[in-house]
């Protein structure tokens with residue numbers, strides 16, 4: 001099969017050349033039968049599937065972020081504790097992270113469409129339980145199920161795009177998904193605050209039902225993918241049961257103490273470090289088992305076999321960590337130091353958050369036109385490092401114009417990295433492993449997000465304690481005040497204007513300055529590692545057996561042995 005186009009692109013390492021794939025894969029769909037004479041054009045069905053995936057991405061982003069500002073009201077209405085409210089917000093992120101690779105692996109075995117519908121069903125049931133909850137037990141069950149379903153939708157959305165669109169053309173389409181994530185992440189807290197204050201917190205969950213309904217109908221009608229048929233028994237035999245249990249158990253054991261450290265238990269408590277150590281050891285054991293013993297591993301070690309893949313996964317993790325740390329602590333700067341309301345604080349974050357989507361889309365288009373992608377990786381890390389370095393300038397008296405200017409480079413840099421790191425992972429993936437490589441890209445980003453708030457919390461707590469000791473009026477209760485960055489918002493707002501309030505704001509700002517400095521160092525380190533990325537071509541055919549099925553195949557057709565996942 002000919003290349004997708006003849007535009008010059010970066011050379012591909014000779015041991016991983018992928019200019020052609022096995023012809024049996026290339027014949028599965030007309031979408032992979034592209035050539036120079038007939039450039040790729042997505043069909044109407046493909047567009048409908050992509051738009052459906054964008055709607056589902058918006059839904060998951062809204063649900064993941066809208067509950068944060070409503071937790072105090074939910075805790076009051078359900079007569080719950082602060083810890084229970086904390087877990088209702090955390091359960092979603094934990095389950096979403098842990099189950100992403102499992103959905104990717106199972107979709108290779110059972111097909112994309114059944115797993116999308118399973119994810120939607122889990123999300124729907126979880127939404128029902130959480131929306132109708134009268135106690136926090138039901139709320140936690142519902143949020144956990146939403147997280148499982150949301151994690152599946154996140155992973156499968158990116159995988160299906162790789163099934164439908166050639167690598168060089170994916171930038172614009174991933175840009176659409178990034179735009180939905182940006183809109184959902186920014187408007188989620190605003191909608192959550194509006195619903196909980198003006199209508200009912202339950203509408204935070206009820207708003208999902210139209211999205212679920214539209215998604216389910218369109219997935220059933222239009223997501224018709226080619227799929228090699230096999231018996232249920234053979235599919236069940238392919239499941240990596242031991243690897244699945246080891247991975248879920250180890251990742252959960254690692255992330256839970258990272259999440260509750262400094263909140264429920266001190267970091268030096270055995271309740272924190274024992275499960276953390278067990279989880280870390282378990283992850284090592286999981287990798288050994290996957291490499292040595294698993295017949296059809298849930299995480300094939302071959303996806304880490306190139307230098308580019310390794311440094312890109314590290315960069316993706318640090319990108320997620322820094323992004324989530326910024327999204328969590330920057331609004332607290334506005335609420336505590338500037339005394340903005342939660343909604344205005346969310347709006348104040350626009351210079352950073354609303355630059356992500358357009359920058360990601362533009363970068364994807366440029367990469368599609370030129371065939372070169374490493375510039376986006378290096379520029380993204382450079383601008384993110386510069387932006388986070390500039391964020392350390394933020395002070396108590398920083399003007400509106402100044403903080404707008406300071407936040408823009410961070411948003412541009414982090415926005416560039418969304419598509420750029422995705423191209424690095426996909427371009428370096430070995431043939432036949434694209435789906436799991438993309439799923440692990442999504443997992444490592446979520447993993448970084450899960451630990452981002454915890455890393456920022458440890459830094460803030462230590463720095464805040466030291467800074468409060470400088471002021472006699474706070475030295476006696478410095479340990480108590482420094483435990484909760486979010487809790488200090490209420491403390492500051494309740495204080496009368498005067499030197500003490502200014503000192504507390506100054507200590508808060510000085511503590512956040514170190515958070516930004518550490519984030520700057522981490523993203524800068526990732527940028528240095530990115531210099532090791534190799535040059536891979538983006539000119540390749542679709543590397544998937546599960547491509548879009550435009551027409552029904554008759555039994556007399558040579559491809560009659562091919563089934564649909566519909």
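In case you wondered, yes, glycine gets a Cβ from its N, Cα and C as well.
TrEMBL entries are annotated by machine, without manual review.
Checking the ranges 9-27, 28-46, 85-103 against TrEMBL, the transmembrane segment annotation falls on 85-103. Residue ranges 433-460, 461-488 are listed, and TrEMBL annotates 433-460 among them as transmembrane segment. Looking at 514-532, 533-551, the range annotated in TrEMBL as transmembrane segment turns out to be 514-532. Note on the domain 'Major facilitator superfamily (MFS) profile' (49-502): its mean pLDDT in the predicted model is 87.
By the Cβ criterion (distance under 8 Å, sequence gap of 6 or more), the transmembrane segment (400-421) is not counted as touching the transmembrane segment (145-165), fewer than 3 such pairs being found. Between the transmembrane segment (310-331) and the stretches 115-133, 343-368, 514-532, it is 514-532 that has the most C-beta pairs under 8 angstroms. With a cut-off of 8 Å between Cβ atoms, the residues of this chain six or more beyond the transmembrane segment (343-368) that come close are 69, 168-176, 178-179, 181-183, 185-186, 189-190, 193-194, 326-327, 330-332, 334-335, 376, 380, 403-405, 407-408, 410-412, 414-416, 418-420, 423, 538.
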